[in-house]
Amino acid sequence: MSSAVEQVVVDHLEKRVSHVHDQATDEKHDLSVDVSSVEDTDVSNGDEALRLVGKQRSSEFSEEYYRKLKRRLDWVIPPLCSAVYFTQFLDKNTLNYASIMGLPITGQNYNLVAMAFYLGYLTWEFPTVYISQKLRVAKYLGTNIVLWGIVLMLHASTTSFGAFFFLRFLLGMLESCVAPILILIISMFYKKEEQGLRIAWFYVMNGLTAIFGGFVAYGISYYSGTAFLPYRILYLLIGGLAIIVGICVLIWMPDSPVQAQMLSKEERIAALERVRDDQVGTESKTLKKDQIVETLMDSRTWIIVLLTMVLASIPNGALSVFGNIIVKSFGYTTKQTLILNAPGGFIGAAMTLFVGWYSDRKKERMLPIIIALIPTIVGAALLVGMANSGNKGVLLFATYLMGTIGPSLSLIYTYNASNTSGHTKKSTINALTLFTFSLGNVIGTEIMQTKDAPQYIPGKIAVMVMYAVGFFLPFLLRWMNVRLNKQKQAKLQEMKVQNGWTDADLQRERERHAFMDLTDKQNPFFEYMV
């Protein structure tokens, strides 16, 4: 009898111990849900990088090795990105040059043709980004460049409004993949604190195209033949250049560190290990709906959308299409107007490189936007306030000051690259940014109305107001990211104490999270750049 009682007591105690153990296990699981989810994650659902490297770092490389590898990448990736962006901006702005070189489309039809490019951009932005995620991104990019070169050359074959509208629409569709893919490639190969300057290196082409395109158009403007109008020569030359650049991208641009044929297997592994601690990842071929939902539910996404709209897109739509017309209205000739674009291009290029360097050096993403914006607001105020002064030198200087805001979009690109992880989330935020850029440019082409010529005062006032609104948004976004970083640090400390981790254990967990294709919110080790 006593043995039976003892057995009952023993069974009861075992159940109590088991219950306490299960409670402790559940609590631990609740506090380290991110860790356990990584533990159980199917590798096939993670980053493509896991094909070469494991969840934990297994190869070590010296800093000297990493420096040599970075130099090798710098000789290939940024120059090709720069060539692509140079070609894209030159192609897009060809209509601006053609407008004063005999283009037979004028008035409201000119506005509509200018808008057609951005309508094509809007239509195809999300499809092209998600298609590129499924394919080899560099090959997809190169194919689109060759095709848009052909489309650009076809502009020389017609004088019809309908044909021009259709070709500009196609051009917008084909060019809509450029910025998202270039941002993705930079984020794959470079650490966060290296991305700002690399993106600036290709974005600076925006300013340089104003110089190059202006001088090319200036030279062609001396052509006095009547059989072949100057604007047609411009389209043929720039379209041919795009085809050459597209072929170079197809041959030399690497798709990702995993597929970079220019690197040995050891160098590909080193390229991945070099960026592991950034927690940004490289690429995943799996389109994840939860990452799309997270992007849309993140309030910072919509601040980026608004920032893009008021600083980079609506003003750009107005000024890129009507810039030459406005400068000519100051009292300059056609040839003078083409040449006078050059200083503005130099100012924009210099500011782009400066803020790119500053954003990496100080690890800041928002304050450089403020630095670039202040002279722009001054320039916009001068254009409005001195519109009737007749002082064309001051008015021209005002347009140069407004060129300092050019780098705002490159800094938004850099922000997206540095502060977003999860391939589908990166694709979605980049697509939203460029969709917004396109939509804003469509709106921008309608700001400068023909009835307001030659001074376009209402349009200039609208631009100035948008710049003023945009001044406060970077401060808000910066504050939000500082707050999120503090919350993440508190969470990590809580996990460390609860699990009894050492610093080495914490680093191990950080490495395991790096290539699991988690979003920046899902990954507790992700740190935002402010």
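Each residue, glycine too, has its Cβ placed from N, Cα and C.
Nobody curates TrEMBL annotations by hand; they come from automatic prediction.
The feature domain 'Major facilitator superfamily (MFS) profile' is assigned by TrEMBL to 67-486.
Sequence annotations record features per position, and here TrEMBL assigns transmembrane segment to 73-90 (among others). Non-local neighbours of the transmembrane segment (73-90) in the same chain are 141, 145, 149, 175, 178, 182, 185-186, 189-190, 198, 201-206, 208-209, 212-213, 238, 241-242, 245, 248-249, 252-254, 262, 271; each lies 6+ residues outside the stretch with a CB under 8 Å from one of its CB atoms.
What TrEMBL records for 110-133 (among others) is transmembrane segment.
The transmembrane segment annotation in TrEMBL covers 173-190 (among others). If you look at the transmembrane segment (173-190), the same-chain residues 6 or more away from its ends with a CB under 8 A from one of its CBs are 70, 73, 77, 81, 84-85, 88, 91-92, 117, 120-121, 123-125, 128-129, 132, 137-138, 140-141, 144-145, 147-148, 151, 198-199, 202, 253-254, 256-257, 271, 275, 280, 282-283, 413, 416-418, 426-427, 430-431, 433-434, 438.
Taking Cβ pairs closer than 8 Å, the transmembrane segment (202-221) reaches residues 78, 81-82, 84-86, 89-90, 93-94, 97, 101, 182, 230, 233-234, 237-238, 334-335, 338-342, 344-350, 352-353, 356, 403, 406-407, 409-410, 413 in its own chain, all 6 or more past its ends. The transmembrane segment annotation in TrEMBL covers 202-221 (among others).
Per TrEMBL, the feature transmembrane segment maps to 233-253 (among others).
Taken from TrEMBL, the feature transmembrane segment applies to 302-326 (among others).
Under the heading transmembrane segment, TrEMBL lists 338-359 (among others). Within the chain, the transmembrane segment (338-359) has long-range Cβ neighbours (under 8 A, six or more residues past its boundaries) at 97, 100, 196-201, 203-204, 206-211, 213-215, 217-218, 221, 323-324, 327, 332, 365, 368-369, 371-372, 396, 399-401, 403-404, 406-407, 410-411, 414.
Look at TrEMBL and you will find 366-387 (among others) tagged as transmembrane segment.
Summarising the annotation, TrEMBL assigns transmembrane segment to 393-415 (among others). Outside the transmembrane segment (393-415), and at least 6 residues removed from its termini, the chain residues within Cβ reach (under 8 Å) are 179, 183, 195-196, 199-200, 203, 206-207, 304, 307-308, 311-312, 315-316, 319, 323, 326-327, 330, 340, 343-345, 347-348, 351-352, 355-356, 359, 365-366, 368-369, 372-373, 375-376, 378-380, 382-383, 386-387, 430, 433, 437, 467, 470, 477, 529.
If you look up TrEMBL, you'll see 427-444 (among others) marked as transmembrane segment.
If you look up TrEMBL, you'll see 456-477 (among others) marked as transmembrane segment.
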Closest-packing stretch to the transmembrane segment (366-387), where packing means Cβ pairs under 8 Å, from 110-133, 302-326, 427-444, 456-477: 456-477
Contact ranking winner - 110-133, 302-326, 456-477 against the transmembrane segment (427-444), Cβ under 8 Å: 302-326
Averaged pLDDT score, the domain 'Major facilitator superfamily (MFS) profile' (67-486): 91
